[in-house]
């Protein structure tokens with residue numbers, strides 16, 4: 001039988017045993033043993049291919065990476081993972097870093113923000129003096145440039161400040177209160193003003209007022225004996241050319257504008273001290289100006305506390321008493337001292353603010369509903385809330401705890417009085433609380449109460465207190481906030497008239513506002529004192545909307561008459577708008593929820609002495 005010979009020829013196989021001799025067997029055995037020994041054979045290429053090719057083409061199960069050997073499968077998944085990481089992680093990072101950035105649009109402002117921006121513009125429209133080019137009210141110009149000529153405090157006289165309402169009078173008492181309220185709202189809600197782009201604008205408005213207040217007394221002196229308390233005005237029933245008899249734009253005034261000066265006026269001086277001290281906190285980033293405000297505040301408060309000058313600034317003055325008559329000054333003592341303590345950290349002022357005699361003379365702790373109503377005349381509810389802030393955040397303890405605790409309790413009673421279920425105040429059928437017993441111009445009191453309630457909610461939220469007790473009934477913070485929102489919503493249009501009482505907000509608002517500047521056209525015609533009466537008595541809408549002005553408001557039946565000559569309905573005021581601004585700032589969600597808890601206390605020193613240093617380590 002023949003078989004293929006892989007060594008290069010035919011191979012014969014002999015099966016017969018007889019064909020093999022003993023010698024041959026011996027030789028074959030020797031050959032076979034030699035074949036078993038290792039031999040080095042030099043193979044040609046064909047032989048190499050036959051023997052080596054199958055070994056080289058056998059599929060490998062591992063890959064040698066030099067220092068590590070891994071399987072094909074592991075290598076494949078490693079590469080897949082690397083590519084996946086590149087696409088999912090690295091690529092987005094590269095795109096974010098390289099593509100141009102587009103800031104996402106902020107959420108649309110809420111209704112309170114929209115109303116707040118407008119309410120601030122009212123102050124621009126009320127400015128007196130030489131206006132900045134960017135004042136933003138095209139129908140207003142320079143005015144009152146001769147005000148206060150002959151005063152002996154500064155070359156500027158009494159130029160500047162704000163007109164109070166629809167006339168051209170500058171009443172310093174409510175003007176100072178308005179500046180305090182604006183400053184307070186900025187101190188508590190700075191982040192909100194910044195978020196809506198109104199922080200610098202509001203600071204400018206405050207400074208316009210405080211710069212002017214510094215002109216009304218000798219602010220460079222440490223002791224003063226008089227304060228200018230009013231520029232312009234009129235006597236009731238007067239037929240002489242003055243701020244009430246004449247109907248002229250501020251830019252066209254040509255009648256005498258007398259100045260009123262007082263040598264005693266603890267109420268006026270106390271409020272001015274509060275305004276200057278609060279503003280000094282707003283302007284702490286301007287050290288020189290802040291110190292100037294503090295010096296002025298200290299000076300006028302010393303004037304207020306002077307034993308020979310303790311009287312109402314309006315007493316016996318026919319130019320003031322019918323319009324902004326003050327009913328006392330102990331509330332301003334507490335109010336001014338509290339702000340001075342926050343501004344200076346001087347312990348003297350917190351001692352005065354918690355002086356038991358002040359609460360006794362001001363009747364702060366008595367159950368008199370009217371004393372729970374914040375206004376330009378009554379600062380008690382605001383002063384007690386401000387001192388309650390001190391207690392709940394810093395808890396100073398003895399010797400102030402007793403008075404602070406009582407003020408805290410009275411603050412909560414004030415909040416309880418705002419609820420309809422407790423029958424402290426009447427309410428209109430349309431949902432407005434009647435804090436002034438149904439008398440005209442109610443909205444300024446409503447706005448102030450809304451601010452106090454909303455602010456107190458933020459105080460309690462910051463200390464994780466869920467509510468307050470009104471007798472046996474627990475009032476949650478949501479209910480207290482709902483009171484504030486309901487009253488501001490009423491002002492903004494949620495009322496039976498379906499009318500916004502803030503000019504320019506919404507589609508239906510007063511068009512016949514009692515305001516000389518807004519009602520007289522800017523037609524380059526100068527109208528005389530009585531020549532402007534035709535605009536006063538016209539049935540046509542004002543040629544200029546005085547944007548942001550909160551008018552006096554409806555009557556006790558929720559009815560409103562949009563008539564220019566009826567100032568009880570249609571006249572705005574500086575103090576009223578300041579309360580509105582503060583309430584709106586507290587309620588807007590722009591910039592987040594809550595207050596700036598600590599900034600107001602920056603100047604307050606540590607309440608307790610620092611701990612002594614640890615003794616040195618013992619060494620043997």
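All positions are counted from 1 along the displayed chain.
Glycine is treated like the rest: Cβ placed from N, Cα and C.
Whatever TrEMBL says is automated annotation, not expert-curated.
The feature transmembrane segment, as given by TrEMBL for the ranges 77-96, 97-116, 117-136, 137-156, sits at 77-96. In this view, residue 562 (active site) is surrounded by 17 other Cβ atoms within 10 Å of its Cβ, with every protein chain counted. The C-beta environment of residue 514 (active site), restricted to residues of the same chain at least 6 apart in sequence and closer than 8 Å, consists of 165, 166, 551, 564, 565, 566, 567, 570, 571. Its Cβ taken as reference, residue 571 (active site) is surrounded by 22 other Cβ atoms within 10 Å in the chains shown.
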